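Asks: Not my notes, these are from Swiss-Prot:
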| type | residues | note |
| --- | --- | --- |
| CROSSLNK | LYS34 | SUMO2 cross-link |
| CROSSLNK | LYS34 | SUMO1 cross-link |
| CROSSLNK | LYS52 | SUMO2 cross-link |
| CROSSLNK | LYS60 | SUMO2 cross-link |
| CROSSLNK | LYS163 | SUMO1 cross-link |
| CROSSLNK | LYS163 | SUMO2 cross-link |
| CROSSLNK | LYS219 | SUMO2 cross-link |
| CROSSLNK | LYS405 | SUMO2 cross-link |
| CROSSLNK | LYS422 | SUMO1 cross-link |
| CROSSLNK | LYS422 | SUMO2 cross-link |
| CROSSLNK | LYS422 | SUMO cross-link |
| DOMAIN | 387-451 | domain 'KH 3' |
| MOD_RES | LYS34 | N6-acetyllysine |
| MOD_RES | THR39 | phosphothreonine |
| MOD_RES | LYS198 | N6-acetyllysine |
| MOD_RES | LYS219 | N6-succinyllysine |
| MOD_RES | LYS405 | N6-acetyllysine |
| REGION | 54-421 | region '2 X 22 AA approximate repeats' |
| REGION | 209-337 | region 'Interaction with ZIK1' |
| REGION | 245-329 | region '2 X 6 AA approximate repeats' |
| REPEAT | 267-270 | repeat '3-3' |
Amino acid sequence: METEQPEETFPNTETNGEFGKRPAEDMEEEQAFKRSRNTDEMVELRILLQSKNAGAVIGKGGKNIKALRTDYNASVSVPDSSGPERILSISADIETIGEILKKIIPTLEEGLQLPSPTATSQLPLESDAVECLNYQHYKGSDFDCELRLLIHQSLAGGIIGVKGAKIKELRENTQTTIKLFQECCPHSTDRVVLIGGKPDRVVECIKIILDLISESPIKGRAQPYDPNFYDETYDYGGFTMMFDDRRGRPVGFPMRGRGGFDRMPPGRGGRPMPPSRRDYDDMSPRRGPPPPPPGRGGRGGSRARNLPLPPPPPPRGGDLMAYDRRGRPGDRYDGMVGFSADETWDSAIDTWSPSEWQMAYEPQGGSGYDYSYAGGRGSYGDLGGPIITTQVTIPKDLAGSIIGKGGQRIKQIRHESGASIKIDEPLEGSEDRIITITGTQDQIQNAQYLLQNSVKQYSGKFF
């Protein structure tokens, strides 16, 4: 990148007039990624925010948002919503939008980080799990941030380019990480573009994207995302609802919170997995033959510790977050299909041989944990460890004890474990359903623990 790019990237025609009217040929010489930016053209930018950040943008009594409207002669709004997300809408020319974003970014908070920027040597404790990183802790603009841009689904191809050439070039020229989520936001035609990096770079990247999509007409129907239709079962790259137990209120956390900006090979079937910030590729888990049902992580893991099995569940109260974990290990699965009234999953799997354990955790003949990543920091979850995938099966008659009425139980398990959990429909002629779990090793073991407890507690109570 050229040393003068920051000046070209963020011109201020009011205070630095010498940069306000630069010849087009100079801009092309200075920046390899050419843009046909028309500063007089009004465009609309929509950014997906955590609801808790709306107050910082609006300010007390609307002071901040009024100042942005007045100072930049722009339309700026953050409509209210009942969920963990809101949309920041800015209508102005592209250069002005960039200046407004530079004002807004330092006021935002990022979800679920260590309580101190320097506390990177250990995992957060349970009491720290709801702490957030406020960008205001940093001086200047030398810190990493990320924004979620909303675009119409028909515009995605213009950003990706042929075989990903455009998005690759955009990453290289702006020195940002970019992920275009595959699934649309709930009940809409919008897709999320997650852009991360230094604030100046992120803003420059957004300006280039706005320039790209402003030249492309929208194809098909347009249904902008309404955050009131928030639905966490959609893996679209938004924010997930979690609860701050100390304050008794819902807060939003990034759905991406478990992965990085990398790519995962396409899978077969299923919805893209939310825990990873992959590329624009399909992020569905790899599917393999149904393994036999696993037992509780404690005895099972110790029995076959030389195989790629999840470790025992952490001690109660020692997890990243504290939850009511009813149905303690050892409780019986009353009425479970395939087991007698006096038999548990644990007692059944204690008779498994090492080869049976290996078969249970090795779909497609490889490790049950899917280490699909491509360099960089991308494949590692924000709380430590790579993003991995494993599969288990349950008798289809027990699926209701996990899913719950309206899917509430499985949603809660996703919230508590931090893992992505997908339950496939049973194959024709099969009595089992495959559960695919994706996340860090800790998230997977917590998810398995909660799934088993749910079966124990609700077996025989179908909804």
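Any Cβ shown, glycine's included, is placed from N, Cα and C.
It should be emphasised that the depicted structure is a prediction, and the values quoted were computed from it without experimental measurement.
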Asks: Using C-alpha atoms, which one of the recorded positions LYS198, LYS219, LYS405 comes nearest to LYS163 (SUMO1 cross-link)?
Replies: LYS219
Asks: I'd like to know which of these recorded positions, LYS52, LYS163, LYS198, is least surrounded, judged by other CB atoms within 10 A.
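Replies: Fewest other Cβ atoms within 10 Å, among the recorded positions LYS52, LYS163, LYS198, is found for LYS163.
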Asks: In the predicted model, what is the mean pLDDT computed over the region '2 X 6 AA approximate repeats' (245-329)?
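Replies: Averaged over the region '2 X 6 AA approximate repeats' (245-329), per-residue pLDDT gives 35.
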Asks: Taking DSSP as the reference, which of helix, strand or coil describes LYS405 (SUMO2 cross-link)?
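Replies: In three-state terms, LYS405 (SUMO2 cross-link) counts as helix.
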Asks: In whole Å, how far does the CA atom of LYS60 (SUMO2 cross-link) lie from that of LYS52 (SUMO2 cross-link)?
Replies: 14
Asks: Tell me the Cα distance separating LYS422 (SUMO1 cross-link) from LYS405 (SUMO2 cross-link), rounded to the nearest angstrom.
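Replies: So the alpha carbons of LYS405 (SUMO2 cross-link) and LYS422 (SUMO1 cross-link) sit roughly 16 Å from each other.
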Asks: Which one, from the recorded sites LYS219, LYS422, has the smallest tally of other C-beta atoms lying within 10 Å of its C-beta?
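Replies: Looking at the recorded sites LYS219, LYS422, the Cβ with the fewest others within 10 Å is that of LYS219.
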Asks: Just give the helix, strand and coil counts over the domain 'KH 3' (387-451), going by DSSP.
Replies: 32 helix, 20 strand, 13 coil
Asks: Give the number of CB atoms, excluding that of LYS60 (SUMO2 cross-link) itself, located within 10 Å of its CB.
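Replies: Its Cβ has 7 other Cβ atoms within 10 Å.
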